[in-house]
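What Swiss-Prot records for this protein:
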type: BINDING; residues: Cys11, Cys47, Cys82; note: [4Fe-4S] cluster 1 binding site
type: BINDING; residues: Cys157, Cys161, Cys164; note: [4Fe-4S] cluster 2 binding site
type: DOMAIN; residues: 2-119; note: domain 'MTTase N-terminal'
type: DOMAIN; residues: 143-378; note: domain 'Radical SAM core'
type: DOMAIN; residues: 381-443; note: domain 'TRAM'
Amino acid sequence: MKGLFIRTYGCQMNVYDSERIRDVLRPLGYAPVETPESADLVVVNTCHIREKATEKVYSELGQLKRMKEASGGRMTIAVAGCVAQAEGEELIRRQPAVDLVLGPQAYHKLPEMIARASRAIGDRLETEFDTVEKFDALPKTREADGPAAFVSVQEGCDKFCTFCVVPYTRGAEMSRRVDDIVFETRSLASQGVREITLLGQNVNAFHGPAPVLEGGEDWTLGQLCRHLSKIGGIERIRYTTSHPRDMDDDLIAAHGDTPAMMPFLHLPVQSGSDRILKAMNRGHTADHYRDIITRVRAARPDIAIASDFIVGFPGESDADFEATMQLVRDIGYAIAYSFKYSSRPGTPAAEMHGHLSESVKDARLQALQALLREQQTEFNASQIGKTLPVLVTGKGRNAGQMHGRSPYLQAVHFEGPDDLNGKIVDVKVIGASLNSLTGELVRVAEAAL
């Protein structure tokens, strides 16, 4: 067997891609190893969404270069993902120790690229946008890694937000065939997977070809979620990341009529200022976003809302930032992710006037995060005394402790036997912190027996 080490940066889609890279390489005799030093092939699966993430990649490659030299050149280094797509030849120029560079739509070609590299012939670079070919070429079954799994259903983005590199690194929106998604999900369920998270850059833009036996028009995400909920063993369904422009009535209704859909919605808004939303090319207003949340909560009153925010976008005034703070107060988030604006080469926002100083961006980020932490702490504390169904995902740090996730995606720690792993159990919440809950085991839910 040959050793394979994969370092994954960035989003859940990259985590999924890394899992599929392992699937692609398994027939070639590659098996995962714990450290890069013991690997014959190291794959760095990269993120290009912010400058800091890109620089982490180059730092990692410097360390791998030294390991490769120490191994006498035995190690093969491959760079995959969005940095590979965006920088291509520049990446090879900056770090000649890299053997292979492949974009996120080309990892099904990795076996061929490895073969070419071993013979020192052919191109070291693959960055074509052939998403359909990629999904057709991937192994139809996957090896599950625990009771929860990601399933990619959509890739690419047609929205062209002015701050974002995704349309340039992931390509146009493309949805997988429903039959292929169902086959993959059934395979995972047969291995004990209880929860799936449907992935896409704009997952609620999903319009996948309908099942062959049913025909008709392309299916929406709401239709897909209802269908997947009928697969035996699949008891929980989530999806991420969604866009307000694609939050249609049927998907909102599915949150109310499909019990397997978890009461958790991650719907990024980025700003509460209409002026900044327009400059970002988001295609919606703050009030439109508020209306979506109102309708989702009407369909599923117990739903928890999550979001993403960018502070310090070019031209953002004090009034614009206050509009964001007011939106946060109005909505009340269970959790949210916030970042300083990071200029990305090649995006329209990078060429805009009015870039803010780091000190202003820092101050605004601190203020926003303080408010978001307060809301997250309050939401977690509101669970104390409640009994929640928890999907057990493994052992905790302490002896006799297990951990899992609540319907609201909170980490939950409780004492219990090891054989609960993979089951859904009832846990009474007795404590809460910013990032997790603690509880007492009540019973194993009937569906898990």
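Our numbering is plain: 1 for the first residue shown, then up by one each step along the chain.
Each residue, glycine too, has its Cβ placed from N, Cα and C.
Under 8 Å, Cβ to Cβ, and six or more positions away along its own chain, Cys157 ([4Fe-4S] cluster 2 binding site) finds Cys164, Val166, Pro167, Arg170, Ala172, Glu173, Gln201, Asn202. If you take the C-beta of Cys11 ([4Fe-4S] cluster 1 binding site) and look for same-chain residues 6 or more apart in sequence within under 8 angstroms, you find Cys47, Ile49, Thr241. Sitting within 8 Å of the Cβ centre of Cys157, Cys161, Cys164, and not among those site residues for [4Fe-4S] cluster 2, are the Cβ atoms of Lys159, Phe160, Phe163, Val165, Val166, Pro167, Gln201. Neighbour counts were taken at the CB atom with a 10 A radius for the binding-site residues Cys47, Cys82, Cys161, Cys164; the maximum falls on Cys82. Neighbours of the [4Fe-4S] cluster 1 site: apart from Cys11, Cys47, Cys82, residues of the same chain with C-beta atoms within 8 angstroms of the site's C-beta centroid are Tyr9, Gly10, Met13, Asn14, Thr46, His48, Ile49, Ala53, Gly81, Thr169.
The domain 'TRAM' (381-443): residue composition by secondary structure is 4 helix, 36 strand, 23 coil, according to DSSP.
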